[in-house]
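**Q** Positions annotated as domain 'DC1' by TrEMBL: 60-100.
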Amino acid sequence: MKPIWHHDCQLSALVLSDYIFRCEKCKFVSNGFAYKCNECEEHICLRCATLPPDALTCPGHEHPLLFYNDFDGQCSACGNNITTAFGCKDCNYSVDPWCIRLPTRAGRECDIHLLSLTYPE
């Protein structure tokens, strides 16, 4: 059992495995490990459960990003409307929990070099 800091109930959640679920934070469907809240029975994937409670940094953005559970706006990365976000207090930049966890480097089977996320000037 583990307390999850960004969950509304603030109760300990039980870890489950080999169960198909949709994460309440990132909306990803999975059958891996998840935490299930004993009170509201919501599922949270391990990726979202391990988000740190302090500010995150994002490559290409100079300010730290803080977590907002009640957010109404669009993700600066994918453009989708979001209700939870990592946002910047200093500028109008917000990223949903799914996009913030995307890798900055990825491989392709047709190329031996890794592709890196870049930001134009």
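The backbone N, Cα and C atoms fix where each Cβ goes, glycine too.
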**Q** For the domain 'DC1' (60-100), report the average pLDDT of the model, please.
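**A** Here the mean pLDDT over the domain 'DC1' (60-100) amounts to 85.
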**Q** Looking only at the domain 'DC1' (60-100), what are its DSSP counts of helix, strand and coil residues?
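**A** Secondary-structure composition of the domain 'DC1' (60-100): 4 helix, 17 strand, 20 coil.
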